[in-house]
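What follows is a short report on a single structure.
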Amino acid sequence: MFTGDWLDIGPIDQIPLRGSRTVPVAGGEEIAVFRTGDNAVFALVNRCPHKHGPLSQGIIHGHSVACPLHNWSISLKTGQAEGADKGCTPTVPVKVDAGRVLICRAATLAAAA
Amino acid sequence: MEFTGRLDQEDGAMAPAAAPRKPHLVVIGNGMAGCRAVEEVLARDAGRFRITIFGAEPRVNYNRIMLSPLLAGEKCFDDIVINDQAWYADNGIELVAGDAVAAIDRQARTVTSASGRCVPYDKLLIATGSDPFVIPVPGKDLPGVVTFRDMDDVGAMLRAAENGGHAVVIGGGLLGLEAAHGLTLRGMGVTVIHLMSTLMERQLDEAAGWLLKTALEGRGQTILTGADTAEIYGDGKVEGVRLKDGRDIPASLVVMAVGIRPNVTLAKAAGLAVGRGIQVDDHMVTSDADVLAVGECVEHRGACYGLVAPLWEMCRALADGLTTGPSGYEGSVTSTKLKVAGLDVFSAGDFSGGDGAEDIVLRDAARGHYRRVVVKEDRVVGAVLYGDTADGNWYFDLMKKGEDISSIRDNLIFGQAFASGGGLADPKAAVAALSDDAEICGCNGVSKGQVVACIDGGAATLDAVRASCKASASCGSCTGLVETLLAVTLGDDYSGERATKTVCKCTSFTHDDVRREIVAQAMKSIPEVMQKLSWTTPDGCSSCRPALNYYLLCAWPGEYVDDQQSRFVNERMHANIQKDGTYSVVPRMWGGLTNPRELRAIADVVEKYDAPMVKVTGGQRIDIFGIRKEDLPAVWADLNAAGMVSGHAYGKALRTVKTCVGSEWCRFGTQDSTGLGVKVERMTWGSWMPHKFKIAVSGCPRNCAEATIKDFGVVCVDSGYELHVGGNGGIKVRATDLLCKVGTEREAMDYCAAFIQLYREEARYLERTAPWIERVGVEYIRQRIADDGVGREALTARFLYSQSFSQDDPWAERAEGGDRQLHAHLGEVRPLASIAAE
Ligand code: SRM
Ligand SMILES: Cc1cc2nc3c(=O)[nH]c(=O)nc-3n(C[C@H](O)[C@H](O)[C@H](O)COP(=O)(O)OP(=O)(O)OC[C@H]3O[C@@H](n4cnc5c(N)ncnc54)[C@H](O)[C@@H]3O)c2cc1C
Ligand code: SF4
Ligand code: FES
């Protein structure tokens, strides 16, 4: 577990409902932080398992995102491609505390490396 | 007061046999948790402690939840008292009311009150509850700004309401809505300001939040969602609230109900371990073994609570620990039930089921009910109910017990009575067992007998049933039942396939059904369509959201507010995404014309942003490649400065108007095709359509602008203008059909506008003009545009009206900082080492 290493990246209302924002990682890949229609928050590396589309730019429905490049559906919880497609994007632990979005620094650095 | 031997007595082990001096339990907080804890202790061992309770409020213990009915005038203070003076006296409890504790001295084991009273303790219980959070805006301290937490707040609201007038409630959560309701009943006009787009967004999803908002508006309240407060203004007292978007709402009372913060002031000053709340173990003991804490002020296993149910469980564990034997508290799963003016809302669990979680949605449009149950691995993990909440507790119970629901899954959504009704486990059998006069379609009053008769009469598909007896033709919530009847009646003959394809798997309606109903029922938002047309998913999918967004935009120009999150990336970013995640930028070049200033601006952008490629497109303009999303607004600002606007090369919208040089220069040219092309582009740019739309104007039948493979093409001839429609040069090449010939430029433009509007209003989302015309037939188009003059003029007028709202350059808005969040990053992560190095 990566305890005690939660990094505050900003207030939750800075991510639109059914929207996403990106977080650059020094020396690594960008992270996409998603907020779903029912206000759950997820974080994934901003890269589709298919051909590396930026998932942050997809349409968010339920707890999935449709990749903007070729419409693969990716589970926000697990990073797995859904349906017939196969592939997985690394996920990053994220939580909301008192309206602030926190992501796990160690896990982020590991996932984005 | 002296106190000795407390350790011994507390242990019990070395307690003297006769008349032991009782240990002193001091409670800070005379609220719901503090007093409940005392009740629990008394119930277990009434003689165990001598008890003193300090309360900041100058009154006995009352039921805080009932402040809402008190405000609404349904109850008076006596009705909501939990423990009256007699209770304190009978149990030998000393109540120090109206004198808040100011400090705890853990060394000396005393507490000191604001009036200076110093009392020693053996066991101290902190139950200080929460403080209402006040947003730090100018004017927050003006008289007339109140919170909603205790009797004094209610008193202040009632005094304000006596004079009538207008109240603003900041915060559309549970508390805010209850305050708004009470004030409405007290005769005030009420506006609720909520920062988020959904009311009670922590408990409700978008669909239920929309229903709640609509119902409250129906009760006369004004609800502003997505509204951010800039300031509260007034001279010596509240006079109104100003929003960040400039709106101004006059008010004589402002209620702040934006949330609560655990009240940890005393605990923190006393050096106890405090996170968000006072940290306690499973026995409600803080970091000091003799200090306990309970209620909203605590943090247990990382969680703070704002409802009473968890507090009751905490009080039980606390009393067990202090008396008969520790049992332990393990945290709570909470549910919310709200009832405002007969509106029932229930929510429980969290909906972040994610992997393997499945939503089951039931919408009853006729009654305005909504129900969503989230199931994961055959267990209920969350539920939202709006309207009929009778089954809320049942779902909550299934959830808390983690019961396996696989055997009742098919009927789960219909509620306890149906699901546990025995023998009905097979939905087909249940439908077959219905009597002939059982009502199937509530909207059109169609019985099972009628539906079966109509199937026997030859209606073998859902559409045929809808056409012949109207069952399932309105709200669609009985579609499943009708389909089951088809299957039961026709047996193997029922294909199960619908003749026309539905929009997507979220609905049983077709594109045409949806378009028709949006207009017929005057539906004006995506959640409204989903509710009224019984969508089976909570917020649709990537197929239906963009379609609905377009249909609404087309039906209600100037009124419907575009939903950015329902747009494909290109339309949201106003640029074309490339395979590497960068964007291409195509400024508009009217009719393919350009000039040195534009070319210079493009050249400058290419150099300044290091664009790896510039290319002339097949649409007669220039494409700049490889721009990063962060740089887009700056690039646009530079292009805007040279007078250029978005080319919508990314949109289901007008793309380009290609022209040839025409009569101005060409030796064969018959008319000014370049000039007409520019005029047509000026008229049509910015319009959103079912799919992309291309136009061309050629100066003679040699057709250098390729007008006969465009959605709308003009071929100039000596005697006027030939108008062509439905061409496509893409995947499946289709040459245009000749629509008609007209004599003047004006007519060419009016016909063009009418044709576009017909396409906008009647084609299905993502259907280009070529397949649309093949579907409806070119004769139909001729009849509507060429033959029906009045109809054509109306179409033209509707197009121009809608254009009056859509010809703002989206780039200019973004360049000025609109939707900045779409282009900027949120935070940044660096390895610890690099931060330390700074
Ligand atoms: C840039 C351009 C190619 C070029 O370098 O010339 C181009 C580039 C793309 N075209 Fe095109 N098309 C371009 C002219 C055309 C033309 C020629 C024309 O318009 O005269 C056609 C055939 C005419 C037609 O549309 O009927 C054309 C038929 C298509 C099609 C097939 C459409 C169809 O109905 O079959 C697609 C796919 C689609 O839209 O689903 C497509 C899609 C695309 C996309 C948007 C693919 C995508 O989704 O990413 C490409 C975007 C590249 C970018 O980022 O800018 N492009 N595309 C041309 C931009 C024109 C402009 O100035 O806006
Ligand atoms: C209007 C309203 C409606 C609500 N509706 C519901 C509902 O429908 N369902 C639900 O579950 N919950 C509801 N709640 C929440 C519920 O009332 C609280 O969860 C509950 O009251 C918390 O109990 P508590 O003892 O922790 O805090 P409180 O009940 O607030 O008690 C804390 C007490 O400590 C006193 N105090 C604070 N500091 C000091 C000090 N230094 N010295 C002495 N005394 C001090 C305070 O004055 C207060 O009286 C509602 C709350 C409000 C305000
Ligand atoms: S022809 Fe194909 S590869 Fe070329 S721009 Fe059009 S869509 Fe892209
Ligand atoms: S890159 Fe995501 S679907 Fe192709």
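Cβ atoms here come from the backbone N, Cα and C positions, even for glycine.
Remember, predicted model here, so these are calculated numbers, not experimental data.
What TrEMBL says about this protein:
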{"type": "DOMAIN", "residues": "B:24-299", "note": "domain 'FAD/NAD(P)-binding'"}
{"type": "DOMAIN", "residues": "B:335-402", "note": "domain 'NADH-rubredoxin oxidoreductase C-terminal'"}
{"type": "DOMAIN", "residues": "B:440-487", "note": "domain 'BFD-like [2Fe-2S]-binding'"}
{"type": "DOMAIN", "residues": "B:503-552", "note": "domain 'BFD-like [2Fe-2S]-binding'"}
{"type": "DOMAIN", "residues": "B:578-642", "note": "domain 'Nitrite/Sulfite reductase ferredoxin-like'"}
{"type": "DOMAIN", "residues": "B:651-785", "note": "domain 'Nitrite/sulphite reductase 4Fe-4S'"}
{"type": "BINDING", "residues": "B:C660, B:C666, B:C700, B:C704", "note": "[4Fe-4S] cluster binding site"}
{"type": "BINDING", "residues": "B:C704", "note": "siroheme binding site"}
Check each residue in the chain of B:C666 ([4Fe-4S] cluster binding site) that is at least six apart in sequence and keep those whose C-beta is under 8 Å from its C-beta; list them in sequence order.
B:C660, B:G699, B:C700
Take every residue in the domain 'NADH-rubredoxin oxidoreductase C-terminal' (B:335-402), average their pLDDT values, and give the whole-number result.
80
Residue, out of the binding-site residues B:C660, B:C704, whose Cβ gathers the largest set of other Cβ atoms within 10 Å:
B:C660
Once B:C660, B:C666, B:C700, B:C704 are set aside, which residues in the chain still have Cβ within 8 Å of the Cβ centroid of the [4Fe-4S] cluster site?
B:V661, B:G662, B:F668, B:G669, B:S673, B:S698, B:G699, B:R702, B:N703, B:A705
B:C700 ([4Fe-4S] cluster binding site) has how many other Cβ neighbours within 10 Å of its own Cβ?
20
For the domain 'BFD-like [2Fe-2S]-binding' (B:503-552), what are the DSSP-based totals of helix, strand and coil residues?
26 helix, 1 strand, 23 coil
DSSP three-state call for B:C704 ([4Fe-4S] cluster binding site): helix, strand or coil?
coil
